[in-house]
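*Asks:* Copying in the features that TrEMBL gives for the protein in this structure:
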- 456-465: compositional bias 'Polar residues' (COMPBIAS)
- 466-487: compositional bias 'Basic and acidic residues' (COMPBIAS)
- 502-512: compositional bias 'Polar residues' (COMPBIAS)
- 529-538: compositional bias 'Basic and acidic residues' (COMPBIAS)
- 560-578: compositional bias 'Basic and acidic residues' (COMPBIAS)
- 589-602: compositional bias 'Basic and acidic residues' (COMPBIAS)
- 98-204: domain 'VWFA' (DOMAIN)
- 12-30: transmembrane segment (TRANSMEM)
- 62-81: transmembrane segment (TRANSMEM)
Amino acid sequence: MVMSALAQLQWLRPDWLWALALLPVLAWWWQRRRTRASIWTQAVDAHLLPHLLKPGPASRRWLAPVIAALAFSLAVVALAGPSLREVQQPLWTQDAPLVVAVDLSSASLAADTPPSRIARVRVKLASLLAGRQGGQVGLVAWAGEAFTVAPLTADTANVALFLDALDPDVMPVDGQRPDRAIARSAQLLAQAGYQDGTILLLSDHATPAARAEAAKAKARGYTVSALGLGTAEGAPYRTAGGAIDVARRDDASLQDLAAAGGGRYAALAESNDDLATLGVLDSRHGTGAADGAESGTSVTTRQDDGYWLLLPLMLLALLAFRRGAPVLLLVVCLWLPGRDAFAADLWQRPDQRAHRTMQDAEAAYRRGKFEAAAKIYADVDGADAHYNRGNALARQGRYADAIAAYDEALKAAPTMEDAIANRRAVEAAMKRKPPPGPKSSSGESGEPKGDDDAGSGNSDPSSDADSQKKDPATDQDNDKDAGDGRGGDTPAAQDEQDKSSRPGSDAQNGTDNEPEAADAEAQAAADAAQRERMREALESAADNAETDGGAAADATPESADERERRVANEAWLRRIPDDPGGLLRRKFRIEYERRQREGNTD
């Protein structure tokens, strides 16, 4: 084994071995120093020195120079870099960021690529986000102005959440200004601190101003590529002003833009061949990925083993520092167990450490690890921690422990409305919870059965737990009425308020005329008929659940009022329009108005 190891020995810095040639010189200097006349010759006659000076032991005369020579040799060999093995070292590769600029003008509604350009763009972006390997991705929407949809992030799943909201309706101003899209994308890269990156423009044409912006972006180190939308034949579309226009893909202008930006051009395709041509699927190579110049991710290098020689060198240094062999007993201290030390107590206040713990618990809760979150919250004292611990326990179906946690929170903060509401919801769930038995077919002993709620329309008694109370990383828009019996915003309560506030009602006029009484009777009859239809639908659904062998057959039947309230809440929720782009629309509108006030728009 020793011979095989020596056969693999290589020197990383062999020039240091020349220092070993100094050993004879140092030995000669040491001997000359010992034999030369000492200071006693100045005070004592030379013929008396042998009688007055007693030589030391012979071992001491040669031990010191031998130790010094050994230490010098070890130091030189360690500096020479002896290597006995090879290791795989990962190559450092920069993940180039990517900013996608999507055309959301009225032209994106053209149907030359069925069903529409914007629909095909959503599918293509989903493929890009799913297939891209590493690197941060940002999203910019543009029409007459350019706005940031998603900043640069490595979480492509977060960017994918915005795809359904991409629609021309969210833009505050119509038009086609690809130059502003490129400028906004370059600004996004610069704000993130990147000196290089890729801008992918999705458009059907490029203007001279866009080519100029692409050249500016290239000068700053950014690559501008283009993905052509639509077809050369084009298709008609209606502008925001109501006029009819035809959108056609101009390949020549887009190729000129890609050339000015140092990137590539490809037309939108059914497969991912266009993305492969653009080279945006692999962030490690940027636009050069399509050249086929694939490089490895690791390299074989020699491991420097010279640091192992520092251990005997330090032992020899101890002998030189203090004379005597007993100093070797200090080596025993190396094997004594040491106490773990953390610098958090030195650099963070107790409230900062508690805040960090709350963040860790919040992260575990959002990942669905409720048991781990409850354990972490248990280490923190305070009303918020007890409240969040109760939410985590309720999610596990441990309702009794959740109620105890809510009680602890209410002891610290008696007016905490969320804790009161969630405690009522959990108590209601405990009353509805069927007794465990072998006949239960659901297999879930910790969750409430059926679609009952505690007055808020939620099937989960700990639905309010989804909003962690007062934690910095959480959403603060909690529904204050969820989980309690107040129900002030339920449709039934709104109907009663509407009835009492209608013009001509008894509460307002104090009179009762016959036409209004007839209308009231007709309204009451219609409401009764509606409630009867709801009751029949619920009974039919319950019969179907029993036939399918669901767990609802063993649950405690809900009352007619509870069923009516739940169905009314569900009907009220269904009336809310599904508008995924509402948030972006308001965001872009506010940003556009700010730019108008600052004079940054045309």
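Along the chain as shown, the residues are counted starting at 1.
Keep in mind that glycine also has a Cβ here, set from the backbone N, Cα and C atoms.
Automated prediction, rather than curation, is the source of TrEMBL annotations.
Bear in mind that the values here come from a model prediction, so they are computed numbers and not experimental data.
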*Asks:* DSSP-wise, what's the residue breakdown of the compositional bias 'Basic and acidic residues' (589-602) into helix, strand and coil?
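*Replies:* Its residues divide into 10 helix, 0 strand, 4 coil.
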*Asks:* In the compositional bias 'Basic and acidic residues' (560-578), how many residues does DSSP assign to helix, to strand and to coil?
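*Replies:* DSSP classes over the compositional bias 'Basic and acidic residues' (560-578) add up to 15 helix, 0 strand, 4 coil.
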*Asks:* Same chain, outside the compositional bias 'Basic and acidic residues' (589-602) by at least 6, Cβ under 8 Å from its Cβ: which residues?
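*Replies:* Hits for the compositional bias 'Basic and acidic residues' (589-602): 144-145, 147, 172-173.
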*Asks:* In the domain 'VWFA' (98-204), how many residues does DSSP assign to helix, to strand and to coil?
*Replies:* 44 helix, 28 strand, 35 coil
*Asks:* Give, as a single whole number between 0 and 100, the mean pLDDT over the domain 'VWFA' (98-204).
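*Replies:* So the average pLDDT across the domain 'VWFA' (98-204) works out to 94.
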